[in-house]
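Novice: Below is the structure I would like to discuss, written out as structure tokens.
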Amino acid sequence: MQEFSKFPTKTGRRSLSRSISQSSTDSYSSAASYTDSSDDEVSPREKQQTNSKGSSNFCVKNIKQAEFGRREIEIAEQDMSALISLRKRAQGEKPLAGAKIVGCTHITAQTAVLIETLCALGAQCRWSACNIYSTQNEVAAALAEAGVAVFAWKGESEDDFWWCIDRCVNVEGWQANMILDDGGDLTHWVYKKYPNIFKKIRGIVEESVTGVHRLYQLSKAGKLCVPAMNVNDSVTKQKFDNLYCCRESILDGLKRTTDVMFGGKQVVVCGYGEVGKGCCAALKALGAIVYVTEIDPICALQACMDGFRVVKLSEVIRQVDVVITCTGNKNVVTREHLDRMKNSCIVCNMGHSNTEIDVTSLRTPELTWERVRSQVDHVIWPDGKRVVLLAEGRLLNLSCSTVPTFVLSITATTQALALIELYNAPEGRYKQDVYLLPKKMDEYVASLHLPSFDAHLTELTDDQAKYLGLNKNGPFKPNYYRY
Ligand SMILES: NC(=O)c1ccc[n+]([C@@H]2O[C@H](COP(=O)([O-])OP(=O)(O)OC[C@H]3O[C@@H](n4cnc5c(N)ncnc54)[C@H](O)[C@@H]3O)[C@@H](O)[C@H]2O)c1
């Protein structure tokens, strides 16, 4: 418990994942919504609502929006065929029969597809939101209408946030035996308030960087009392969510906020990891002149081989039109850099936290802040120079654009398999520790998505397997994933 409390919880941190995880207070505008939190002033907690079957085992903004939410879920299903096929394949066996899953994730059309898949596989689910802004109210209503005990709405207060989690955990006659968390707040709440529940919990599946970090700290302190699966570091997340999701969403976020044309513009990308690689590839394709900064010689060499100029930020800071941080580090763009930028330079962050750009250093009396659009601030220097700061240095794509459903499908399928694995694992397979999903399952997640491309996997022959020293039934060597 103490280990947990050392870490920031809800306020001021972001847990990433695609999927989409971020600080529960970060704004998240990508979810389409038919209503916003201001459509009526009565708190959902004060309302008496029932679904068409007479159940009131939920708390959402407005149950009457369920039909709109159902349409959103159906649209998401179109690009989540792997999850649907997992649903169909495993429906007969019901590998989650008896599972009582308490979940805390973003509540969007895509997570609704995951939740409904878990239900179709036999689980009972109770769900709250891991972010106070990201709930699609109509989707929450559709889940409630379908009988899921969902407690979430867009624009929850801090108190509502914990109340919703509590309503999911603290139920008479129902005790969770699995946790699916995104950010670690739910796990934290159970540790703090209801540690006895862990006697029945078979495992925790955690998706975000922050949540995983908190789990490792617990494990190190010998306080983790159940097995946990780290989905954040699984190959299917790192190589797809971080790389391809960012490749698709960086331009969307920049365009929506600035209308800038990228052909011929000079852009510097800080960090050439998965996220940086995705951003650079997208910008290069539009004809931007892309510079990269790196601290790791291997990634720096990769950037060179991919045709990017590797530079120090201070070398190019005066001339670039756009600065993008993707390092997961802090204070990568300092006040000194910001002082030296040219007029109208756009500055944004694609990394985990809002500390990559030293935004705090810009809150000084000599600088004027002008909000020009939602998520766009002009910071104005005394000589009239303006720097265009996007999303106040928070994750650009999660704050200002949408995230591709297909990538969320990969992460959601990984989460579903992690739950199935932990729930069905024989006694002793997993100890009270943090695990990565077995490689074989990463391969399975990938293969489930291949039919979307009408792709046909070549079968490894016995001879070839012997030659390569592989077990034909896999998993393949970890380094087969590297490039
Ligand atoms: N925006 C999104 O949708 C999204 C998706 C996934 C991950 N992320 C986040 O983006 C960040 C990067 O993720 P990743 O998977 O690319 O990680 P990564 O570890 O693969 O890459 C980070 C790179 O930054 C480099 N770096 C660190 N400090 C630096 C500095 N001061 N200057 C220049 N380079 C520096 C590292 O050497 C590394 O190569 C993480 O915080 C991650 O949580 C964001």
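Positions of Cβ are set from backbone N, Cα and C atoms, glycine also.
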Novice: If TrEMBL gives GLY273, GLU274, VAL275, GLY276, LYS277, GLY278, ASN397 as binding NAD(+), which of GLU294, GLU421 does it give for that site as well?
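Specialist: As annotated by TrEMBL, GLY273, GLU274, VAL275, GLY276, LYS277, GLY278, ASN397 share the NAD(+) site with GLU294, chosen from GLU294, GLU421.
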Novice: Quick one: average pLDDT across the domain 'S-adenosyl-L-homocysteine hydrolase NAD binding' (242-403), no decimals.
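Specialist: Across the domain 'S-adenosyl-L-homocysteine hydrolase NAD binding' (242-403), the average pLDDT comes out at 95.
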Novice: Filter the binding-site residues THR108, ASP182, LYS237, LYS277, GLY278, ASN397 down to those with CB closer than 6 A to an atom of ligand 1; keep them in sequence order.
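Specialist: From THR108, ASP182, LYS237, LYS277, GLY278, ASN397, counting a Cβ under 6 Å from ligand 1 as near, the near ones are ASN397.
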Novice: So among the binding-site residues LYS237, LYS277, who's got the most Cβ atoms within 10 Å?
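Specialist: Sorting the candidates by Cβ neighbours within 10 Å, the top entry is LYS237.
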Novice: If you measure ASP182 (substrate binding site) to ASN397 (NAD(+) binding site) at Cα, how many Å is it?
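Specialist: Per the Cα atoms, ASP182 (substrate binding site) and ASN397 (NAD(+) binding site) stand 18 Å apart.
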Novice: By a simple count of other Cβ atoms within 10 Å, which of GLY273, GLY276, GLY278, the binding-site residues in the record, is least packed?
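Specialist: It is GLY273 that, of the binding-site residues GLY273, GLY276, GLY278, has the fewest other Cβ atoms within 10 Å.
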